[in-house]
Amino acid sequence: MNKVHDIQITVPNYSHVFNIEKTYFYPDNQAWITNNFSYCFYCCGIYLILIFGGKYYMSSRPKFNLRGPLALWSGLLATFSIIGFSRTAPELFHVLQHHGFYHSVCTPSNLLEDCVSGFWSWMFILSKIPELIDTFFIVLRKQPLIFLHWYHHLSAFLFVWYIYAETVATTRWYFTMNYFVHSVMYSYYSLKAMQYKLPKSVAVMITMLQIVQMIMGGTVTTAAYYYRKSGHFECYMSQENFIVCFFVYFSYLVIFVKLFYKNYLSGKSATEDEKIRFAEIATYANKKAN
């Protein structure tokens, strides 16, 4: 685990800090995550039992439409992501502008010193629990439930809890990028659930954003570990952190590149079922709105 110590990094001059954001205190949250991390595995076990039990239950029953609930759910997640991005992005841009790239990947002031970015980082961690609900839309609508769908949900859930407990500095990049991509993606799914006709280029753009996100995630992870191995031992990226973070981002990159090639470059017309399968893999929402 990375050792936490005082680091003098300035924070953005926010126009307003909400009272709930002022309650953020990283040591308490870190202690809670560390002491309760085993419950993540219990949640994962219950999740797997429910989705596969639900799939078996629905196999002999008619599917649900659920367009209204799906549009509402996606809209709520889109709104949450937009707010999260608007509250975490200023800190990332501020550190890049005033302290440079090194501190953006090596100094976790976003978790330790900035109550605004810290609070919304904490909300990002907790949001991975309700995001598991995405899968139940797939089960109840009798859409294909494949390995890479639930792998993505479970691995993302465990991953973000791990890096938060480890005080990994690159979380400022991970969380801000993910908030941005989710704000676009969930808005798209909400509109699709409401049966708005959107051009195919929007789906292409979202997939490209996801690929860029994974490349950037791997890049900042590698950069932080390079600094650490070069003698900057104050950089918050241990060898264990690097292995975990790089593996997760590389596995997701393979998924998104496969999606992009299959749907847009292979020259073959994918069946509707194939499109649904790949769309499930490609998003944190992991669901189709059609």
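Counting begins at 1 with the first residue displayed.
Cβ coordinates are placed from backbone N, Cα and C, and glycine is handled just like the others.
Quick look at what TrEMBL lists:
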TRANSMEM  36-58  transmembrane segment
TRANSMEM  70-89  transmembrane segment
TRANSMEM  147-165  transmembrane segment
TRANSMEM  171-189  transmembrane segment
TRANSMEM  201-226  transmembrane segment
TRANSMEM  241-261  transmembrane segment
In terms of Cβ proximity under 8 Å, which residues at least six beyond the ends of the transmembrane segment (147-165) contact it?
1, 29-30, 33-34, 37, 40-41, 43-44, 47-48, 51, 111, 121-122, 124-125, 128-129, 131-132, 134-135, 138, 171, 174, 241, 244-245, 248, 251-252, 255, 280-281, 284, 286
For the transmembrane segment (241-261), give me same-chain residues lying six or more residues beyond its boundaries with a C-beta closer than 8 angstroms to one of its C-beta atoms, as numbers and ranges.
2, 148, 152, 155-156, 159, 162-163, 166, 168, 170, 207-208, 210-211, 214-215, 217-218, 221-222, 224-225, 228, 278-279, 281-282
